[in-house]
């Protein structure tokens, strides 16, 4: 997605700029988790160093927060494109898009540093057995040997800011989008809008559902087994499915991918001919 949208000049738009960021984020998200997770699942020693666990926790929280805010920015982009098409290029100018991305990454970093620092500084009294396949925030809090009410409420409060508030903004955006689509007289325009927004809504549902279950329960009451399943779903399954979800019903992206594949095939043939 990143290469094909960069190489096709028709895809140099805010929508694909944000999609490139999401694709890059998904790669970072999965690569920060999968290698160590595979070692723990199938390796003889299911261990991780203290430093490695802390780094994984910080990265995991940072990338997760970014995705939450980035999906909100993408919904605003869709709202502007469908509800204010004549002003779209003026509102969603390159400077604003870049500023929004910088803000998303910065706010997410601050959230990660605050929550993770509160968590890793909790005393554990020698308890280093983590009942999880990765160093995740709720699992780390549960092995502390002191009262964690303050930390749990901090997680809940920041969860409202980073998860629930963006989700509410997405719902509001799509409320206006639905009204605009129903008012359209062109069937082609309606179909295109539904396809574009449908992909984004699918990703939003797959991402926010597990997150709300895990992080927006006061007292950290999510069950262990369900928590593991939902963590696996939004850290591995959702990022892996994002590329096909955004490309299967997008003709422009399909054409760009075909061009990219065609260029690679031609370059391979030229190399063989030269040899």
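Glycine too: its Cβ is placed from the backbone N, Cα and C atoms.
Small disclaimer: the values here were computed from a predicted structure and weren't measured.
According to TrEMBL, the domain 'G-protein coupled receptors family 1 profile' annotation covers 1-246.
Here TrEMBL flags 21-39 (among others) as transmembrane segment.
Taken from TrEMBL, the feature transmembrane segment applies to 59-76 (among others).
If you look up TrEMBL, you'll see 96-120 (among others) marked as transmembrane segment. Long-range contacts of the transmembrane segment (96-120) within the same chain, counting only residues at least 6 positions beyond its ends with a Cβ under 8 Å from a Cβ of the stretch, are 14, 17-18, 21, 54, 57-58, 61-63, 65-66, 68-70, 73, 137, 140-141, 151, 154-155, 158, 161-162.
According to TrEMBL, the feature transmembrane segment maps to 156-177 (among others).
Here TrEMBL flags 198-216 (among others) as transmembrane segment.
Under the heading transmembrane segment, TrEMBL lists 228-248 (among others). Outside the transmembrane segment (228-248), and at least 6 residues removed from its termini, the chain residues within Cβ reach (under 8 Å) are 1, 19, 22-23, 26-27, 29-30, 33-34, 37, 60, 64, 132-134, 136, 199, 202-203, 206-207, 209-211, 213-214, 222, 254, 257.
Note on the transmembrane segment (156-177): residues 65, 68-69, 71-72, 75-76, 78-79, 82-83, 108, 111, 114-115, 193, 197, 201, 204, 208, 211-212, 215-218 of its chain, located 6 or more positions outside it, place their CB under 8 angstroms from a CB of the stretch. Same-chain residues lying 6 or more positions outside the transmembrane segment (198-216) and placing a CB less than 8 Å from one of its CB atoms are 64, 67-68, 71, 74-75, 78, 137-138, 155-156, 159-160, 163-164, 167, 170, 174, 222, 226-227, 230-231, 233-234, 237-238, 241-242, 245-246, 249-250.
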